[in-house]
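Contents: one structure, followed by commentary.
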Amino acid sequence: MHISLCLTSLQQRPTSEWNSLQWLPSLNQKMAPACLRPLLRYRSFAILFLTPLLLLPLPVAVPTREAKCAYIIIIMAVYWCTEVIPLAVTSLMPVVFFPLLGVQSSKSVCLQYLNDTNMLFVGGLIVAISVEQWNLHKRIALRVLLILGVKPALLMLGFMIVTAFLSMWISNTATTAMMVPIVQAVLDQMDNTEYDVTMMEQATGQTNTVIELEEKNASDPTSVHVISNGQVPDDPRSSEEKKMRKRVCKGMTLCVCYAASIGGTATLTGTGPNMVLKGQMNQLYPNNNDIVNFASWFGFAFPNMILMLVLAWLWLQCSFMGLNFKKSWGCGTERTAKEKAAYNVLKAEMKKLGPISYAEFNVLLMFVLLVLLWFSRHPGFVKGWAARLFPEGEKYITDSAPAVFIALLLFILPANKPKFIGWNSSMSDPEQTEEDIKKPFLSAPLLDWNVVQRKMPWSIVLLLGGGFALADASANSGLSAWLGHQMTPLGSIPPWAIATVLSLIIAVFTECTSNVATATLFLPVFSSMAASVKIHPLYVMLPGTLSASFAFMLPVATPPNAIVFSYGHIRVLDMVRSGIVMNIIGVFCVTLAINTWGRPMFELDTFPAWANSTANQ
């Protein structure tokens, strides 16, 4: 029931608790045989120092820029996969080692760490932090849940819709941390109500049974052995009901972490891999005519998100609640006691929020304005505001400009309504008037920098920058061209088969590594492969990007999974069983999307001139 307490405890945990796997080595040490425990103890030390030494023959034997660049990339890939040092720290290695090895100058490398894509990410995150700061996301969640209803199927659908929608705009971790306590409170209240109703029914049943037995004993003394001490035999359905409650609880909690991962794919700023793709496209193909922007990404990924969300909901319904539509949907039936209890919990939480405040309204206004600016900047089918209002606006203005503009407004607009006091104000209350005059006209702003500094995931910003530095160095050193030449034999395989196989590989790989690191490592390789076989780069880069977010199988795969797993309702085996099917659903939906509406949207049937000119450089 204590939603706010649970939410506060989750939000106060450091980001590194969810992003890193610091507890994994100790867990492995406990589970490993005694003979292997000393090796696990020195595992991090061995990986950290032996990896560069074992790979040292590569740049020594082949003293070219390509080999030196590959040497650093392989070391970083090993460190990212094993997390022997924090991901953000590994991301800083190009700043030191590319200049030392003569791959690129320090100036060229450092410019990649706060480029246009990173500024777009930072601006979007600041707006998301303001939404969290004023609890606007919780108000939206509760309002949608109250509208959809509390029938089992509709309740799960409501949780998934709300989580997916919020994950489009704020971080998946923050969305899950807010939603899981709400789910937990609703489930607890439903269980408590069901227990009270069952106890009342049992008490009523026992009373009636004793009366019937006393009447029967007067005529038939031999029936006394049927019951002793007035106790009714245990209902055989109780164990089944407990199992059903457990299954419902598992399904309701799993749907939140799955919906968070799915929802993040719908917008360009929704999750890290999407930003990696945007940055890599600008880095590797500078003349790509802004083919990947907020509007084009949304047009492609949002229908894919809807399809995945519906299939995931149907799969979780079949797995944990069965296909009893009458019981799940309850069309035309009255609400049960459990459903009324769940509705009352949501209504009580909504009442605690009170009416919408001036600050919440301002944040909502800024959020809607930002989305409109993103969509209308360069829609594609008509001229956007950038081209109409500013000379050469399409050339100079990108999605980062409106994001940072709205972020600036959040530090200026007041959190409280300004009070206008005239020069000749009434002197009926001189003390009150004097106090009002002393107060500043504008109150504290909607957002404080200390809040942003505390909640901003700076590690992801550095991780994105490190990935862009790797991509830039790969292209300029000639490593990308060399990789593309090695992949020429893949031209005999149909493009759709290549995209499907690569999606499956990424979906498996991202289960044990960071999704941002996965996209960072694979997207430049996919780009080189596309150039070598003369297919559109986005034909393989889009499925790879989306598949990097399909971390459904393991608790350590992504922070939302870890948060849900920490509540103790789900075993690893439950997540693996559901996650395997979820991965298949994800790959199927991405393959369908890229081969249907994705083709005309990005003109995937042709090899674009901007990709050809880049490949020939």
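One-based numbering along the chain as shown.
Cβ atoms are placed via backbone N, Cα and C, with glycine included.
The transmembrane segment annotation in TrEMBL covers 40-58 (among others).
Beyond the ends of the transmembrane segment (70-101), by six or more residues, the same chain brings 16, 19-21, 44, 47-48, 51-52, 55-56, 58-59, 109-110, 113, 458-460, 462-463, 465-467, 469-470, 473-474, 479, 512-514, 516-517, 520-521 to within a C-beta distance below 8 angstroms of the stretch. TrEMBL lists 70-101 (among others) with the feature transmembrane segment.
Here the transmembrane segment (113-134) has Cβ contacts under 8 Å with residues 95, 169-171, 174, 178, 268-269, 275, 278-279, 282, 357, 359-360, 363, 366-367, 370, 398-400, 402-407, 410, 446-447, 451-452, 455-457, 460-462, 464-466, 468-469 of the same chain, all six or more residues outside its ends. TrEMBL lists 113-134 (among others) with the feature transmembrane segment.
The transmembrane segment annotation in TrEMBL covers 140-170 (among others). Within the chain carrying the transmembrane segment (140-170), a Cβ under 8 angstroms from the stretch's Cβ atoms is held by residues 124, 127-128, 131-132, 176, 178-179, 182-183, 186, 248, 251-252, 255-256, 258-264, 266-267, 269-271, 305, 309, 312-313, 316-317, 321, 325, 327-330, 335, 339, 342-343, 346-347, 349-350, 353, 367, all 6 or more beyond its ends.
For 251-271 (among others), the entry in TrEMBL reads transmembrane segment. Beyond the transmembrane segment (251-271), the same-chain residues lying 6 or more positions past its ends with a Cβ under 8 Å from any Cβ of the stretch are 120-121, 124-125, 155-156, 159-161, 163-169, 172, 175-176, 179-180, 183-184, 186-187, 278, 292-294, 297-298, 301-302, 304-305, 308-309, 312-313, 316-317, 319-321, 399, 403, 515, 546, 549-552, 558, 560-561, 563-564, 567, 569-570, 574-575, 578, 582, 586.
Residues annotated as transmembrane segment in TrEMBL: 291-316 (among others). Sequence-distant contacts of the transmembrane segment (291-316) (same chain, six or more residues past either end, CB-CB distance under 8 Å): 156-157, 160-161, 164, 168, 251, 254-255, 258-259, 262-263, 265-269, 274, 277-278, 281, 374-375, 377-380, 398-399, 538, 542, 546, 578, 581-582, 585-586, 589-590, 592-593, 597-598, 601-602.
Annotation comment: TrEMBL describes 356-376 (among others) as transmembrane segment.
Per TrEMBL, the feature transmembrane segment maps to 396-415 (among others).
Outside the transmembrane segment (460-484), and at least 6 residues removed from its termini, the chain residues within Cβ reach (under 8 Å) are 64-66, 68-70, 72-73, 76, 87-88, 90-95, 98, 103-104, 108-109, 112-115, 117-118, 121-122, 272, 275-276, 279-280, 283-284, 514, 516-517, 519-520, 523-525, 527-529, 531-532, 614-615. The transmembrane segment feature in TrEMBL is assigned to 460-484 (among others).
Among the features that TrEMBL reports, transmembrane segment is placed at 496-526 (among others). With a threshold of 8 Å between CB atoms, the same-chain residues lying at least 6 positions outside the transmembrane segment (496-526) that come near it are 19, 73, 77, 80-81, 87, 271-273, 276-277, 280, 284, 460, 463-464, 466-467, 470-471, 474-475, 480, 483, 490, 533, 535, 537, 539-541, 543-551, 553-554, 556-558, 579, 583, 586-587, 590-591, 594-595.
Long-range Cβ contacts of the transmembrane segment (578-597) within its own chain (Cβ-Cβ under 8 Å, at least 6 residues beyond either end) map to 254, 258, 262, 300-301, 303-304, 307-308, 311-312, 315-316, 319, 496, 499-500, 503-504, 507-508, 511, 539, 542-543, 546-547, 550, 552-554, 604. As annotated by TrEMBL, transmembrane segment applies to 578-597 (among others).
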Long-range Cβ neighbours of the transmembrane segment (396-415) (under 8 Å; 6 or more residues past either end): 116-117, 119-120, 122-124, 126-127, 130, 268-269, 290, 293-294, 358-359, 362-363, 366, 369-370, 373-374, 377, 386, 390, 442-447, 449
Counting only residues 6+ away from its ends, which parts of the chain sit with a Cβ under 8 Å from the transmembrane segment (356-376)? 127, 130-131, 133-136, 139, 169, 294-295, 298, 384-385, 399, 402-403, 405-406, 409-410, 413, 415-417, 446
